[in-house]
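Take a look at the structure set out below.
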């Protein structure tokens, strides 16, 4: 029978008929309820928020919640309270849920990492790390879990192996999440140093705080594991991962808006400048007070911050925003050249943005007329 101080014993049986207190049983049921509530709420938020039901970000969230959190807690409830005589059923539920919940949550973080990191080598290595950990940590633990429950009289070697492997996989997955969250924090700090906008800084500080909270919760689970509070750790894990997914959903949403709004604004000028009435200032992404040079243009292309990648922003906003916003987001990269010609009815206007006061002249002439 199970107790709260051994992973191998906890994985093999229920808690009915043991010395587990009523308070502990209520706590287990409460944690399962919290996990399910957060999972269903997040699923609803996902379908309400997303305009397009596709993409790695969307599917990783859905899998983590629907295929991860819900079966994981259900499997342990069936097992701990002996609600079914089919041991294989509860083990299958908790195993499928565990795979989808843990690796799925890392995929959620990875799916938006390209918005802050443009280095393809780093992104590729992060993905390889997730896949390698999934194979090296999930598979052995799964074999030992089934062996501990279904091997009968020969289960003791599996139980001994599970006691060791449980701590190894917990440590490995925590390190994996530390690395991914650390990359987010590192790049956000860089954004803070490069942008003095107070409104954006508030969002950036929120990103750092939430990622730090995710790391703290992982450390808490790791401490519970090494203190051998197995039953409490398994049920607490579902609740913690549901909270982490909700925080990540908020983090990545804020990140998308932060990247989307990281463009030129009229108030960013050090001195006041006026623009013609017909110029839409929200579409201007460059300094209109100076004519661009070839060298400056090349430098800006070379050293452009990673979060200014127009393709990444467009893809992110396409998945995460209503259809009405798609056109606006796709026009962010449009900029005015040093001399712009605009046809307005029958007049021909020339605007010279190289003039600091942006003076423009109206030249009456029909577009169809040929010069005399």
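Note: Cβ is positioned from N, Cα and C throughout, glycine not excepted.
From a predicted model like this one, the values you see are computed outputs, not experimental measurements.
Given the ranges 149-167, 168-186, the record in TrEMBL names 168-186 as transmembrane segment.
Which of 26-49, 242-265 counts as transmembrane segment depends on TrEMBL, and there it is 26-49.
Segment annotation: TrEMBL labels transmembrane segment over residues 207-226 (candidates 187-206, 207-226). On the 0 to 100 pLDDT scale, the domain 'DUF7703' (20-258) averages 91 in the predicted structure. Ranked by the number of CB pairs under 8 Å to the transmembrane segment (56-74), the listed stretches 26-49, 86-110, 168-186, 207-226 are led by 86-110.
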